[in-house]
C-alpha cells in the first residue's frame, strides 16, 4: 500500500469518527460510522492473506448488519416521535434496537463472537486501530442516548465482563486474548454509562492508553503468541520487564493505571445502590486477572524451551520509533497517583 493511499484511508477514518462525534442528527452519525467502517476495510485486507480477507469479510458483514439495524431504529424513532435528534430518542423500541446495534458494532456480549476472530486474522498494526479507535464513534452515540435505569445495559455489561474473562482463559494467541480483554473492559464502561458518562469516558480513555501500549510492545518485537513470550526475555530484557506491568495494568491490579477506572466504577455503582452488581463485576474480573497473570508469568518467569544461540539481539539498535512506546507505557503504569486531579476534572 502506497503512502498516499494510506494517508487517504487514515484521513477518512478520522473524518468518519469526527463526524459521529459532532453529530446530533441520526443520519449524520450513521454516515460517520459507515465512513470509518469503509475506511478500515482496505487496511484490514492489505496483507492479501486468506485470514486477513476472511477477517475483513466478517467485519464488513457484522458492521453492515449493525448499520442496517441502527438505520431502521433511527427511522422508527423519527416515525414515532417526528424528529431525528439523537438525544431525543426515548421510545423503548428504537432505544432497544439502537443499544443492540451499537453493542454489535463494538463487540459487547452476547454479540461479541466476531471480535476475537477478526482480531486474530489481522496484523498487529491494524489490530490496534480496531481495538481502540473503532470503539470511539459507537461509544460516542451510546453516551448521547438517554437510557435511565436500563436493565439492558446492566445485562450487557455483566455478560461482557464474564464472557470476556471466560473466553480468554485458554487462548494461546495474544490477539485473541486482547480481543476478549476488550470485551471485558467494554462491559465495565457500559455498566456505569447510565450513571456517570464522564466516568465511562475516563474508563475508555484509560483502556485505550493501556491497550495501545501493550500493542506497541507486541508490534516492536512481532510477538503474536504466548509461546513467543517465552523467548522474549532472552531477546530484550527491558521489554520483558515492562510487559508484565502493562498486562497487570490491564488486569486492574493496584497500584497501576488500570486499577483507577475499576475503583471509581465500583464506587459509583455502590453509591447507586447496586452493590450486588458491583460484586458480580468483581467476580467476573477475577477470570480476566487469571489469564493476565498467566501471560505475565510466561513473560517474566519462564525460560525459553531451547537454548538461544547467536549474537545478543538487544545490543542491536532498533530502527523503529520508540517514543510512542515510552510515553504510552508510562501513562499505562503510573497514572494512579493522579487520581485526585482526574476526579476534580470529572466533577468540574
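Backbone N, Cα and C define each Cβ position, glycine as well.
Here is what TrEMBL records for this protein:
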DOMAIN    23-287  domain 'NADH:quinone oxidoreductase/Mrp antiporter transmembrane'
TRANSMEM  57-80  transmembrane segment
TRANSMEM  92-111  transmembrane segment
TRANSMEM  151-170  transmembrane segment
TRANSMEM  201-220  transmembrane segment
TRANSMEM  241-266  transmembrane segment
TRANSMEM  278-304  transmembrane segment
DOMAIN    290-342  domain 'NADH dehydrogenase subunit 2 C-terminal'
TRANSMEM  325-346  transmembrane segment
The transmembrane segment (151-170) touching the transmembrane segment (241-266) per 3+ Cβ pairs under 8 Å rule: no
Stretch in 57-80, 92-111, 151-170, 201-220, 278-304 most in contact with the transmembrane segment (325-346), if contact is a CB pair under 8 A: 201-220
Averaged pLDDT, computed only over the residues in the domain 'NADH dehydrogenase subunit 2 C-terminal' (290-342): 70
